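Here is the structure we will look at, set down as structure tokens.
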Amino acid sequence: MIDRYKHQQLRIGLVSPQQISAWATKIIPNGEIVGEVTKPYTFHYKTNKPEKDGLFCERIFGPIKSGICACGNYRVIGDEKDDPKFCEQCGVEFVDSRIRRYQMGYIKLTCPVTHVWYLKRLPSYIANLLDKPLKELEGLVYCDFSFARPITKKPTFLRLRGSFEYEIQSWKYSIPLFFTTQGFDIFRNREISTGAGAIREQLADLDLRIIIENSLVEWKQLGEEGPTGNEWEDRKIVRRKDFLVRRMELAKHFIRTNIEPEWMVLCLLPVLPPELRPIIQIEGGKLMSSDINELYRRVIYRNNTLTDLLTTSRSTPGELVMCQEKLVQEAVDTLLDNGIRGQPMRDGHNKVYKSFSDVIEGKEGRFRETLLGKRVDYSGRSVIVVGPSLSLHRCGLPREIAIELFQTFVIRGLIRQHLASNIGVAKSQIREKKPIVWEILQEVMQGHPVLLNRAPTLHRLGIQSFQPILVEGRTICLHPLVCKGFNADFDGDQMAVHVPLSLEAQAEARLLMFSHMNLLSPAIGDPISVPTQDMLIGLYVLTSGTRRGICANRYNPCNQKNYQNERIYETNYKYTKEPFFCNSYDAIGAYRQKRINLDSPLWLRWQLDQRVIASREVPIEVHYESFGNYHEIYAHYLIVRSVKKETFCIYIRTTVGHISFYREIEEAIQGFSQACSYDT
């Protein structure tokens, strides 16, 4: 069992055969060691009881019913009497039946078997460590060919071949003869090596530190050579350098985690606890079994057949032995990852068997569906919509979701304020949706953050905390600036909301997970809260204005009154006299009174100390008044000057959208400057 206080993380990796044996074996009170599964049977067809030493054996995995052995005897669990704690007839311990959820078994393989994840998955770890092509290793694993291994200094059959100056044409047919004769085991153990055993020997002979040193030397040599001028050769060099880097990283990982490379070849195959691969009886007396049970049975059948060939019959042809070893390897491959070598194995109904990899990987796998994606209390889910009026650290929760999430807190508040005598009365008030309920709910939400999560959670910004506020409707309102961290948009995306309960969780949510504290990407440090999608379109509409220039609009800056008068030219062009405003407040007030539009051009009086004049720009028109004053009209501004060429005032041509955007930027800069001054 995993203690959640002692174990804070879960890691999947390689383990030694000794560790597998320690997990799966146990010593029963009579001193007998059990744990090895030797029979491919599950339940007896007459008694419906688990077969001894089978895949559901009660001696190995524990009793089906707590305190009841296979014989039917009953003992009280935890009784301190001198009664034996196991049945002497069947050897089953009197323990809790929950042990069948975590007690493992093992299959002792007659021949070594490579772990298909480390051989066939890309990149192939075995091929990287051995620095050999994957196809060559596959041919060796599946007994398609062998390689010589003269392990002694004495003359051997294969060494004699090199002592001749010429080679007889029929020499290549002489070695296969040994595969069909008696004494093949002696020849094989002395002369050749094939199958997963050959891979295991090569991995066991590796020195990881020497691999790192040699790979680093070769990488430096390739880097010093420089480009050859041949594009094909340069690509080969780049690929080789990338391979050397991966090989060094893999070797360093093995050293850092104290993993031996030969552990990628299995000698003991773990058997999952029975409760994780159940057989269930449904209506009509039919049985439904997990596919993993059938795959385990296939492995045991083939492994027992190989054992019989090597032990009971001494005259078994070597080709038959190698063929059976290949079948064992393929059976284990199918158990671990069905279909990784091509066509998947199917049952009698042409249905693909669900292997161990299929059980744990993907959206419906054990981790994502049962562990990471399981339903939890104090959580809800809804569609997200944009909340432009929200602060960056706030989110809008629908009343229907909020009252369910904070119901226990509201009940406590009602009882503390003596508005309800007990929990039942408080729940009835919540169902009736009395006004006092919403008041207490708002008080509770003010001091309690919530966590928003959007699947898939690929980095830590996939879960952020917000200060909730009540909103109408049934959707969660979210500030558009936080969407990039969630990789969310408002086209129907859903997000989950969670309530942190413990003080530690609330402190972490406030100090580390608030959205306004996660403005930079944790990976590269770039700003993560930047305008995207809807905000960019809104800013474009806000600041676009009309495309008509000053030449298309014959302005008369002297006529600053009655700017709503309109006249239509012969070209059906609607011309509006553009108004003048002394400050931005008057312009925004006119927009709110619907006297002008958001993109209507206007003239805004500007401060004289802010330069808007380009050095080489010349006026488009100059209008003179009777008193000698004149107006220089440019493309986007005009200047009022006196007879002495003194500047009276400056007007810039802009829109209400530009003014609003400028004021927001100005307030943000002023607030940032004040914050910096307080810090200093």
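Each Cβ is built from the backbone N, Cα and C atoms, and glycine gets one as well.
Per Swiss-Prot, these features apply:
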type    : residues                   : note
BINDING : Cys69, Cys71, Cys87, Cys90 : Zn(2+) binding site
BINDING : Asp489, Asp491, Asp493     : Mg(2+) binding site
Tell me the coarse DSSP state (helix, strand, coil) of Asp491 (Mg(2+) binding site).
coil
Whose Cβ lies within 8 Å of the mean position of the Cβ atoms of Asp489, Asp491, Asp493, the Mg(2+) site, other than those residues?
Ile384, Ala488, Phe490, Gly492
Quick check: of the binding-site residues listed here (Cys69, Cys71, Cys87, Cys90), which one has the Cα closest to that of Asp493 (Mg(2+) binding site)?
Cys69
Using DSSP, would you call Cys71 (Zn(2+) binding site) helix, strand or coil?
coil
For the recorded Zn(2+) site, enumerate neighbouring residues of the same chain (Cβ within 8 Å of the Cβ centroid of Cys69, Cys71, Cys87, Cys90, site residues themselves excluded), in sequence order.
Ala70, Gly72, Asn73, Phe86, Glu88, Gln89, Gly91, Val92
If I take the alpha carbons of Cys90 (Zn(2+) binding site) and Asp491 (Mg(2+) binding site), what is the distance between them in whole Å?
63
Residues with Cβ closer than 8 Å to the Cβ of Asp489 (Mg(2+) binding site), same chain and 6+ apart in sequence?
Cys483, Gln533
Among Asp491, Asp493, which are binding-site residues, the residue with the most C-beta atoms within 10 angstroms of its C-beta:
Asp493
Compare the C-alpha of Asp491 (Mg(2+) binding site) with the C-alpha of each of the binding-site residues Cys69, Cys71, Cys87, and give the closest one.
Cys69
Count the other Cβ atoms sitting within 10 Å of the Cβ of Cys69 (Zn(2+) binding site), across every protein chain shown.
22
State the count of C-beta atoms found within 10 angstroms of the C-beta of Cys87 (Zn(2+) binding site), not counting that atom itself.
21
Considering the binding-site residues Cys71, Cys90, which residue's Cβ sits among the greatest number of other Cβ atoms within 10 Å?
Cys90
